[in-house]
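According to TrEMBL, the feature active site, proton donor/acceptor maps to Asp148. Residues or ranges marked as Mg(2+) binding site by TrEMBL: Asn7, Glu384. According to TrEMBL, the feature ATP binding site maps to Lys14, His208, Leu209, Gly210, Asn211, Gly212, Asp282, Met283, Arg284, Gly330, Ile331, Gly332, Glu333, Asn334. Annotation source TrEMBL lists substrate binding site at Arg90. Among the features that TrEMBL reports, site 'Transition state stabilizer' is placed at His180, Arg241.
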Amino acid sequence: MKILVLNSGSSSVKFQLFDMGDNRVIASGLVEKIGEASSYAKLKDVGADKIYEERAPLKDHHEGLEAMRRLFVSSNILHDFSELDGIGHRIVHGGESFSDSALVTPDVIAKIEQNSVLAPLHNPGHLAGIKNAMHESGKKVPHVVVFDTVFHQTIPEYAYRYALPFDLCKRLHIRRYGFHGTSHHYVTKKAAEYLGVPYEKFNAVSLHLGNGASACAVQGGKSVDTSMGLSPLEGLIMGTRSGDMDPAVLTYLLNLGELTAEGIDAFLNKKSGLLGICGSNDMREVVAKMHEGDERAHLAFEMFCYRIKKYIGAYYAVLGRVDAVVFTGGIGENAPYSREKICNDLTHMGIKIDHELNFAASGGIRDLSVPDAAVKTLVVPTNEELEIALETKRVIENL
Ligand code: ADP
């Protein structure tokens with residue numbers, strides 16, 4: 001079974017082709033800078049370790065996906081998209097309309113369109129990807145949408161509501177949705193498998209720490225709380241996003257004339273977080289600057305780790321019993337200093353990591369805990385594309 005996974009943004013499309021016999025990546029690539037003169041499409045034949053590239057202005061997603069199809073044909077990986085068993089699409093925001101992955105139908109497209117108000121930066125690009133991929137594949141290939149928000153649809157109402165006027169929130173669908181759902185689901189499933197615990201009995205605090213970062217409380221294999229909210233802004237400190245803060249800061253800045261209503265989005269999403277504190281949004285740079293004695297970088301690092309520690313404590317209280325703390329994402333997988341700082345002094349909660357194991361270089365799933373730790377601390381490399389492929393396969397097989 002061959003499944004193509006697409007992650008379509010407003011000006012780019014990332015893709016991976018999977019052989020679902022052994023979940024192997026056959027080819028991967030991207031179409032970049034759609035709409036610009038410098039656009040290009042690239043495909044890597046993973047088995048042959050060969051790159052195919054096309055550089056030409058691609059004015060829209062239609063031309064972008066045509067270029068992708070040409071690369072599949074010229075590399076001899078596919079003769080035609082009709083050979084695909086399915087195409088899976090990553091969708092950031094499913095709003096309240098979706099509590100599972102879904103086969104693409106006109107009704108599903110209309111619902112994703114309606115949810116664009118909640119994710120104006122993401123959903124329009126996803127829709128352009130779906131519509132043009134459907135055009136390229138012909139009618140026989142099923143398309144499936146897999147949402148970042150779906151895993152969190154099991155969060156109870158008392159945890160997903162904001163304490164704001166109820167009717168207004170209901171009418172405008174204001175609530176916690178949560179994101180990184182495919183990642184939290186994938187890594188906690190892998191962690192349960194690794195520890196030999198049935199997923200439906202598995203309790204974990206999952207920490208996806210990348211440029212965007214979120215924590216998730218998983219109880220019996222279901223998300224019961226997560227740190228991101230209506231948008232991917234709430235919760236942890238991120239590369240350029242503030243995470244939790246008192247909204248009164250905004251009123252204060254607006255009243256002082258230091259900020260305009262139009263500037264709020266960029267202020268919170270692009271100028272804050274690690275970047276706002278110390279001038280770097282990349283954890284590698286923050287750690288390097290900290291080791292050179294930069295005080296702001298040190299503060300940014302401490303703030304980042306402290307916020308995560310608070311969420312571990314909160315979710316520990318929510319879950320009662322925790323089998324594992326799971327680290328994933330670029331920082332979670334690769335930044336031992338952060339893991340050490342976050343897990344430091346949590347022995348009373350059964351969380352204790354071994355210094356050598358934490359600093360040992362390894363790319364796979366691994367247990368960092370000391371032998372007698374009641375709660376296992378694991379690193380599980382995330383694979384959102386594979387999770388989307390697996391979901392696509394599941395939906396197609398249930399048709
Ligand atoms: P995204 O959320 O965009 O997918 P990633 O999951 O790739 O991002 O994570 C990016 C973050 O991971 C950056 O802050 C980067 O500095 C950090 N990172 C990647 N590799 C390392 C490393 N070896 N050490 C420390 N941080 C790392």
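Numbering starts at 1 and runs along the chain as it is shown here.
Cβ atoms are placed via backbone N, Cα and C, with glycine included.
Automatic prediction, not curation, is the source of TrEMBL annotations.
All features noted in TrEMBL, drawn onto the structure.
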residue : record                             : Cβ within 10 Å
Asn7    : Mg(2+) binding site                : 21
Arg90   : substrate binding site             : 23
Asp148  : active site, proton donor/acceptor : 25
His180  : site 'Transition state stabilizer' : 32
Leu209  : ATP binding site                   : 27
Asn211  : ATP binding site                   : 16
Arg241  : site 'Transition state stabilizer' : 26
Asp282  : ATP binding site                   : 14
Ile331  : ATP binding site                   : 26
Glu384  : Mg(2+) binding site                : 22
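For the binding-site residues Lys14, Arg284, the ranking by surrounding Cβ atoms (within 10 Å, all protein chains) places Lys14 first. Nearest to Arg284 (ATP binding site) in space, judged by Cα atoms and limited to the recorded positions Arg90, Asp148, Glu384, is Glu384. When the Cα of His180 (site 'Transition state stabilizer') is compared against those of the binding-site residues Asn7, Lys14, Asn211, Glu333, Glu384, the shortest separation belongs to Glu384.
Spatially, by CA atoms, the recorded positions Asn7, Arg90, Asp148, Arg241, Glu384 include one closest to Asp282 (ATP binding site), and that is Arg241. Proximity to ligand 1 at the level of Cβ atoms, with a cut-off under 6 angstroms, picks out Asn211, Arg284, Ile331 from the recorded positions His180, Asn211, Arg241, Arg284, Ile331. There are 22 other CB atoms within 10 A of the CB of Glu333 (ATP binding site), with all protein chains counted. Put simply, of the recorded positions Asn7, Asp148, Leu209, Glu384, the one whose Cα is nearest the Cα of Arg90 (substrate binding site) is Asn7. Using a 10 Å Cα-Cα cut-off around Asn7 (Mg(2+) binding site), the recorded positions Asp148, Leu209, Asn211, Arg241, Ile331, Glu333 reduce to an empty set.
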